Amino acid sequence: AAVEIQPACLGLYCGRTVLSVNGSVETYGDCGVCPRGQRTDDNKICRECTGSPDRYDWLYLGFMAMLPLVLHWFFIEWYSGKKSSSALLQHLTALLECSVAAVVTLLLSDPVGSLHIRSCRVKKLSDWYTMLYNPSPDYITTVHCTHEAVYPLYTIVFIYYAFCLVLMMLLRPLLVKKIACGLGRSDRFKSIYAALYFFPILTVLQAVGGGLLYYAFPYIILVLSLVTLAVYMSASEVEFFKDLLVRKKRLVVLFSHWLLHAYGIISISKLDKLEQDLPLLALVPAPALFYLMTAKYTEPSRILSEGGNGH
């Protein structure tokens, strides 16, 4: 019997699509790009992604979903002013926008109508950048095999950002126009203008550094949460525990940073071994407690006065 010998399929992510299946015999197409929702197996055959995201994948998606929400809250607080009573409602509206966008994005992902999503497993960093691995067999013609090998972890973030932007443009201007009485006419929409800047920045960040963020986001969370907590406490002149108890807003900020600390620790450990990883969560309050206990010893005025007495 004559056996059809096909040329080797070059390239790291090029594969042959399955044209038909007759019993145990499969007929394959030419070597090229795999359709959306498929990636190559070890034999260079395009196979449909039938897995589901693991715990780390969901934590990554949660991090990418939190980014616009945290930025919304930051700019709302930044531009709301101390006398404005609209900040809380704007915070809640931003939370509603991002939550609805996340649910709609999951419902529209395959399988449609379910909060579960079908995905391919991430094997290495290059899976995020398949456009860099298009082969050139004769060094002249390039075979384009760019596809989403990490389906849908790459494109689902763009879809989520698009829904966040649309919902913000539909809901926030009407809310701000009615309730932002304590702000000037030019200041009340500044938090919305800020979002029109940071959404394109987040989109470019995901497009260029999605793979790097996938592996580095737990450490980014820990570093940024520690730095922002220290900056906030020093700028707010938080010195003693009674300052936190008197001002509830500061207590909310502190608990928010603790949640970010816990999220980062969980993302690093993945909670694979609960008996070893759960005790690490006891470290969450440590940075804030260390700052509160040592702030009075590092106050600039005290250091200057003691230095003056020494001379």
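Glycine residues also receive a Cβ, built from the backbone N, Cα and C atoms like all the rest.
According to TrEMBL, the transmembrane segment annotation covers 58-76 (among others). For the transmembrane segment (58-76), the list of distant contacts is 87, 90-91, 94-95, 97-98, 102, 153, 156-157, 160-161, 164, 168, 190-191, 194-195, 198-199, 202, 206, 213-214, 217-218, 221, 263, 266-267, 270: same-chain residues at least six beyond its ends, Cβ to Cβ under 8 Å.
Sequence annotations record features per position, and here TrEMBL assigns transmembrane segment to 88-108 (among others).
Among the features that TrEMBL reports, transmembrane segment is placed at 151-171 (among others).
If you look up TrEMBL, you'll see 192-213 (among others) marked as transmembrane segment.
Taken from TrEMBL, the feature transmembrane segment covers 219-238 (among others).
What TrEMBL records for 250-266 (among others) is transmembrane segment.
Here TrEMBL flags 278-295 (among others) as transmembrane segment.
Through the fold, the transmembrane segment (219-238) approaches residues 63, 213, 244, 250, 253-254, 257, 260-261, 263-265, 267-268, 287-288, 291-292, 295 of its own chain, all at least 6 residues removed from its boundaries and within a Cβ separation under 8 Å.
Counting only same-chain residues 6+ beyond the ends of the transmembrane segment (250-266), those with a CB under 8 A from a CB of the stretch are 59, 62-63, 218-219, 221-222, 224-226, 228-229, 232, 236, 238, 243-244, 277, 280-281, 283-285, 287-288.
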